[in-house]
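Structure record follows, encoded as structure tokens.
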Amino acid sequence: MHSNPFLTQFILEEQRSIPSATGDFTGLLNDIVTACKTISHLVNRGGLIDILGAAGTENIQGEGQKKLDVISNDIMVNSLEWTGHLGAMASEEIEGIIPIPGQYPKGKYLLLFDPLDGSSNIDINISVGTIFSILRCPDDVSEPTQEDFLQPGTQQVCAGFCVYGPTTMMVLTAGHGVNGFTLDQDIGEFILTHPNMTIPEDTMEFAINMSNQRFWAAPVQRYIEDCLQGKEGCRNKNFNMRWVASMVSEVYRILTRGGIFMYPWDSRDPDKPGRLRLMYEANPMSFIVEQAGGVSSTGDQRILEINPEGIHQRVPVILGSKNEVERVIAYHQEA
């Protein structure tokens, strides 16, 4: 018998603390949780039911899709379009926004999601996950357009991710701290196991793809060189490097023990401002990290203050332990 609250109970208790709450937000979160449970089940059984491997298609980003990318996207859409809580959706896998079919009622929220982050790892049994961001639909809008989604990250109502690893974990923030829930497979419920998650201000761990070092801008080169010099250098401590190529895994590690994650601009394609998507990855993860006491930046700007220009806009991402990210920001200011 669990003494900690189920996620459903936790959400309802939060709702009761807000006198004006109607239950729509609670209902939406519960629907997202249900979709993530379904994806978790398929990820766990992928090799047994022949849903691993390439789908033979590309997404809007021009990236080859895995079978589970397509299946996970369909699960999110099919689980949420009929509920009456959403005005529209947007997916990293789809070019335009996803309207709510006419036969279903429309709600007051907009949902953006990456249905299976890190899916390049799925065939080699490394953790993947689902990332989502909830925005309010403008009050006077009955048929949302893409422009209605172009809100800065500071306007997010809620952000979360579900990581499908040795255990399935759901991490959530609604702007009042960060909480983590573990899926009990026996009863099919998420249990609060990591209340009030906080990122340590200091760290001795960085995550970056070192194979791209020659393409980085000078401030990032300088920061990483400082770390690599260890105790003998200006940092006076030894650092460890991590790189999983799965943002949900990287951010979850930072939430539990600190660290800095960097996916900076590089000169391989200098006209691209970055690699990660602002609306589906950078904004929700930045909201979570900041609510846990961390910092998130492009190096030059707070990510949550970026005014989006498109739903598939890309940005550089530097996030994690406060003192490390602020050091990288300072190096950019000095450059």
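Each residue, glycine too, has its Cβ placed from N, Cα and C.
Since we're looking at a predicted model, the values are computed, not measured.
Among the candidates Glu92, Glu93, Glu95, the one that Swiss-Prot lists alongside Asp114, Leu116 as binding Mg(2+) 1 is Glu92. Summary of the site annotation: Swiss-Prot records Mg(2+) 2 binding at Asp114, Asp117. Screening the candidates Glu250, Glu281, Glu290, Glu305 against this entry identifies Glu281 as the one listed for that site. Cβ crowding, taken as the number of other Cβ atoms within 10 Å, peaks at Ser119 among the binding-site residues Ser119, Ser120, Asn209. In this structure, the CA atom of Asn209 (substrate binding site) is 20 Å away from the CA atom of Leu116 (Mg(2+) 1 binding site). Compute the center of the Cβ atoms of Glu92, Asp114, Leu116, which mark the site for Mg(2+) 1; besides them, the chain residues with Cβ within 8 Å of that center are Asp69, Ser72, Asn73, Ser91, Glu93, Phe113, Pro115, Asp117, Ser119, Thr130, Ile131, Tyr280, Glu281. Counted over every protein chain shown, other Cβ atoms within 10 Å are most numerous around Asp114 among the binding-site residues Asp114, Glu281. Counting only the Cα atoms, the space from Asp114 (Mg(2+) 1 binding site) to Glu281 (Mg(2+) 2 binding site) is about 7 angstrom. Listed binding-site residues: Leu116, Asp117, Gly118. The one with the lowest count of other Cβ atoms within 10 Å of its Cβ is Gly118.
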